[in-house]
Amino acid sequence: MNADRTFRQPGRWAVLAALVVLAVVMLFPFVIVTLNAFKSPAEYSSGGPLSLPHGFYLDGIVAFWDRVDFGLKLWNSLLISGVVAVAAVVLSVLNAYALGIGKVRGRLWILVLFLVANTLPQEALVYPLYYLSKEVGLYDSKLAVILIFTVIQAAFGTYLLSSVLGQFPRGILEAAELDGASRWRMLWGIVVPISRPTLSVLLIFFFIWTWNEFFLPMVFLISNDNQTVPVALGVLQGEKMMDATMSSASALLGIIPAVAFFLIFQRTLTRGITVGAIK
Amino acid sequence: MTPPSPGEDGFSLSPAAATGVGDGQALTDAPYGHAETVSGKRSSRRVNPAARAGAARPRGRGGYWLYLVPSLVLFLAIIVVPFLMNVATSFTRWSGVGTPTWIGLDNYTKLFKDERFWASFEHNVALIIAMAVVPTIIGLVLAAALFDYIAKRFGGRTASALRAAFYLPQVLPVAVAGVVWGWMLHPSYGAVNQIFGLKVNWLGDPDIALATVMAIMVWFQLGYPVVIFMAGLQRVDPSLYEAAEIDGASWWRRFWHITIPQIRPEIFVVLLTCTIAALKVFGPIFVLTRGGPGSATMVPSYFSYLNFFQKVNVGYGSAIATVLALIIVVVTFLFLRVQERDQESGS
């Protein structure tokens, strides 16, 4: 810390200034989108993108909201991501219990299989999935997307959770076994409660990753009633009917939930992980 | 195979585009700090070693298999069978209806002569530079500057605020990031042209479309390495930096000789996950350019999508997807090999 004084003041501020300028560049699109989502098209063409809006012009946002039935898209995204997150955590726990604690034979190969599944591009699965889902009548249903992403997320969750449960303190399980607890009860009564911080972090990751998905939901959810937020926005992008401020409003509606999750979950995550670390 | 975890950090949240292998590692940290104390107490109550050994697995291992059954069934139906079907389809000519015609390796020989296919892989290389190489390099400098300079001289809060600003684009769904930039760069009403008084068709001019997409992806991706590297730096022994500072080592020397060697595992993870993300990239291309103009920004994933659903060349699309899958798996294993060797020689 003594070295502080050897640094000349101007240099010190120059570094900070450079980083602040970069931060402003990174945030610039967020600011511009927000500013212009609240302008009327006339105001945009007269004042340009940098002028402050004269009050809250909400017509662009409302018009876009109504046009795509944005409330329904939000609900679809919430439903799909929520169900996937819970189901994928349950599957990951079951798998990791068998692989990490049960150490079933051939577990290394099973783990490699899950890892490869997680790295496979969705393009290499999409057409057969599309074809099969049509065969069984699940095409254009939320259930198809939920099933697919539950498996994809659980593949990653299994891989991660198996290594975590591999270090699970044996003593507790042995004591419970002596007390005559069944494996099923040990899983739900001991392993899951003790691993809760890790599981809740996994839950949040799965939720957000599923929320952010674009390719498979776009292929599978073609009807307006089923689309998710990213799909609705991505497909409408660049449509001729959209004027400057309505496009901006649509971008803002995509940004808001993502930033909200970031702000909400960031705390939970930090708390969840430190709870595990503090003892 | 897996590097040590980047650390307890809420910011490790959601590098949406990446496969997730990297940031998920944050979870492996410290899960059982609490549990250990519990087991410590328990161990004093333990009876005798022989009884314990007998109790460890009284019912054998067989029963644990049952817990894998639901996943294996779903996994078979949703990953394994579709993937094999895709590989099989790649040896056929098929429009998606009727019976596929077996044509052997024809799709693959056609593929290797197809200029658009090769161009799409060149664009993939460009995107690896934009999504993996450049963010890693800039991310290293930024993380080190925030950790070893800003945090020390302006306080941790300033460093955290700057880090959050760099990270914010990463929280967006990549398709939404595309919508944002599609609007910003619109040739007639887009904010960028309006502000700078330009008339550039950023995404519509074949000469600059790819460069524009690359710049957008740098913006999108940059926060991920910054956050992972800063989390990695938390576990570096501070006395290393203090000793170097007392010896009068300049910031750059500390950067080269402490920062980079100490967070090598994180650098590997970031490069690997971002490279895979770049090879898979679809959303931004779909939203921003649809592979155009012409095929100026065509990438393999979009090229296969085009063949599947628009040209109904399902066999050809399957061949592209199979090659892409193969490349990704090979790249992953190469990375892990190099990393393993690096760890061996390092320790």
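Note: Cβ is positioned from N, Cα and C throughout, glycine not excepted.
Counting only same-chain residues 6+ beyond the ends of the transmembrane segment (A:12-38), those with a CB under 8 A from a CB of the stretch are 44, 49-53, 55-58, 60-61, 244-245, 248-249, 251-252, 255. Residues or ranges marked as transmembrane segment by TrEMBL: A:12-38 (among others).
Residues or ranges marked as transmembrane segment by TrEMBL: A:74-96 (among others).
The feature domain 'ABC transmembrane type-1' is assigned by TrEMBL to A:74-265.
Under the heading transmembrane segment, TrEMBL lists A:108-131 (among others).
Under the heading transmembrane segment, TrEMBL lists A:143-165 (among others). Sequence-distant contacts of the transmembrane segment (A:143-165) (same chain, six or more residues past either end, CB-CB distance under 8 Å): 80, 83-85, 87-89, 91-93, 95-97, 99-101, 107, 111, 114-115, 117-118, 122, 129, 133, 191, 195, 198-199, 202, 206, 209-210, 213, 216-217, 220-221.
For A:186-211 (among others), the entry in TrEMBL reads transmembrane segment.
According to TrEMBL, the feature transmembrane segment maps to A:246-265 (among others). When Cβ-Cβ distances below 8 Å are used as the criterion, the transmembrane segment (A:246-265) is approached by residues 30, 32-34, 36-37, 39, 41, 60-61, 63-65, 68, 70, 74, 77, 204, 207-208, 211-212, 229-230, 233, 236-237 of the same chain, each at least six residues removed from its ends.
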Query raised in the report: What else in the chain is close to the transmembrane segment (A:74-96), if you only count residues 6 or more beyond its ends and a Cβ gap under 8 Å?
Result: 114, 142, 145-146, 149-151, 153-154, 157-158, 160-162, 164-165, 187, 191-192, 195, 199, 202-204, 206-208, 210-211, 217, 221, 225-230, 257
